[in-house]
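Colleague: First, the structure itself, so that you have it in front of you.
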């Protein structure tokens, strides 16, 4: 096993160890939890398999965790799949026919399924039936196979890329939003307890403030602060130690990292504050378009550092102030919109 593979395996085990089992352990997203709890409990009281669920929103907010929670709540098995792996009907068939009654079938990145596979999924979702082609050529025939009733849970960072026929087949649909600092702090309290990490309240709040509203990142930063404190601070984890540990990762007090700063300074230094197209930015900062749109832009827009216009991305006055730059082009560009 290579070092890189070993680290990835360790990270996966780390994430799984902190995954909440039930909704009572899932902090934040309060309105979503209330709706989902009602939706699942109502189906269970009627003795029915819950309807299909779609969770969408930025990466790292808990979509996969919610799929596990749905399976845990209904007390059934969970079958995992990824959209990019489901291109042809044959890619789906084995998974669908292996499902037991009430199982939860989770498809991550469901927007990346192949079109033919997606259309094959429609009858499975609606009628719990699929058609199988037997033989080939002139003697080919289609046989309809019954499936055990199941709950499909789809997750996507790009709900706009889902086709209307697929989207409308989900009985429950909810967007996950970025978490507040307080919600992230509660998550970190739970995580530190599970990991046996002793950290004071100020340290956990400092980590929460720099976690971009994202639990996955918060938990990874907690682990980094633990390692930093172990080597540099005699295992003492307070607010000052957390601040030093995160500064070592080049994460500032707004949660902006090296790529965020590079993105903002590139727009300011080379494009006079914008507007500039996403393709041009992708080349300039050395990140692919999907990463910029899914990982970096949503947080920068949420915090008010950039805005999207018909002509491209522009930095805001807040970005100039944060970077201590003079906004030479901001007024004229704003008047031109």
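From the backbone N, Cα and C atoms, a Cβ is placed for every residue, glycine too.
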Colleague: In Swiss-Prot, the residues 18, 19, 60, 63, 64, 65, 126, 127, 128, 169, 179 are said to bind ATP. Which of 212, 216, 223 is said to bind at that same site?
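Modeller: So the ATP site in Swiss-Prot includes 18, 19, 60, 63, 64, 65, 126, 127, 128, 169, 179 plus, from the candidates 212, 216, 223, 216.
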Colleague: Same-chain residues six or more away whose CB lies under 8 A from the CB of residue 308 (DNA binding site)?
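Modeller: Spatial neighbours, sequence-distant, of residue 308 (DNA binding site): 297, 301.
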Colleague: Does residue 64 (ATP binding site) have same-chain partners at least 6 apart in sequence with Cβ under 8 Å from its own Cβ, and which are they?
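Modeller: Long-range Cβ contacts: 19, 106, 108, 155.
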Colleague: If you average per-residue pLDDT over the region 'Small ATPAse domain (RuvB-S)' (180-250), what number do you get?
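Modeller: In the predicted model, the region 'Small ATPAse domain (RuvB-S)' (180-250) has a mean pLDDT of 97.
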Colleague: Count up the helix, strand and coil residues in the region 'Small ATPAse domain (RuvB-S)' (180-250) according to DSSP, in that order.
Modeller: 52 helix, 0 strand, 19 coil
Colleague: Could you give the number of helix, strand and coil residues in the region 'Head domain (RuvB-H)' (253-337) as assigned by DSSP?
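Modeller: Going by DSSP assignments, the region 'Head domain (RuvB-H)' (253-337) contains 50 helix, 9 strand, 26 coil.
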